[in-house]
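*Asks:* Attaching a single structure in structure tokens format; questions to follow.
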Amino acid sequence: MSQEQLIKNVEDPKQFSNNFKVDGDAATAARKGQLHEIAGFMSQNNAHNVVANPSETLGVQVAKQESQSTGPLGSQSEQRGDITIGEALEATALTAGHRPVDYSDAAAIQAAEVRATGRTNIVPGGVAAAAQSAATRNARVPRDEDKTKLGEILSDASSKLPSDKPVTRRDAEGVIGAELRNDPNLCTRPGGVAASVAAAARLNQTNSLASNNNNNSNIINDNNKLN
């Protein structure tokens with residue numbers, strides 16, 4: 001599949017502002033926490049079912065997950081901030097890093113990069129370019145053990161993105177669509193790029209709902225005290 005074909009399969013993004021970057025050991029520890037949170041979420045909820053129903057909005061899925069969840073997902077995310085697209089890509093290295101890169105992976109990674117950067121073109125030397133090159137090479141390599149794996153491409157995805165942003169529902173839907181359209185069976189890969197981005201979007205939205213509920217509770221408590 002050519003670069004032009006891949007680009008046609010990626011939804012044009014809206015422009016996004018750059019996400020603030022924090023240096024130091026605290027930021028590194030926070031990022032590791034985010035990655036393990038995504039992997040743990042997919043493990044608890046079945047990685048294949050994270051994007052089981054693309055026609056159902058993530059908002060509905062989050063509401064269902066919220067009612068079924070017993071863990072303090074909102075409080076965990078709130079301590080570290082929203083999960084970014086780069087972190088969601090890096091989480092894929094944990095959940096599916098052993099798998100060879102194929103064209104559906106490359107398309108999903110490109111869709112993620114496009115939404116993180118706000119650009120319609122592939123960033124030279126970026127994560128999408130590396131994934132496309134790996135998918136093209138892997139298509140010619142007969143043995144899986146000789147193919148480039150997702151973990152090799154995505155383990156440091158955040159550092160290859162010139163800008164990053166928290167994952168939203170729209171980002172997840174764009175990545176899911178790109179992966180589906182480029183898979184011969186029109187399926188997403190369990191634990192793959194689309195699943196990781198969808199999980200990150202769910203966690204961010206769950207965190208947002210929890211934060212709003214907390215704010216509303218505080219307002220009610222303050223009003224009660226005034227009365």
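The chain as shown is numbered from 1 upward.
Note that Cβ sites are derived from N, Cα and C of the backbone, with glycine treated the same way.
Just so you know, TrEMBL annotations are computer predictions that nobody has curated.
According to TrEMBL:
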{"type": "COMPBIAS", "residues": "57-78", "note": "compositional bias 'Polar residues'"}
{"type": "DOMAIN", "residues": "83-140", "note": "domain 'SMP'"}
{"type": "DOMAIN", "residues": "148-205", "note": "domain 'SMP'"}
{"type": "REGION", "residues": "1-20", "note": "region 'Disordered'"}
{"type": "REGION", "residues": "57-81", "note": "region 'Disordered'"}
{"type": "REGION", "residues": "208-227", "note": "region 'Disordered'"}
*Asks:* Taking DSSP states H, G and I as helix and E and B as strand, how many residues of the domain 'SMP' (148-205) are helix, strand and coil?
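*Replies:* Output for the domain 'SMP' (148-205) reads 35 helix, 2 strand, 21 coil.
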*Asks:* Averaged over the domain 'SMP' (83-140), what pLDDT does the predicted model reach?
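*Replies:* Taking every residue in the domain 'SMP' (83-140) and averaging pLDDT yields 95.
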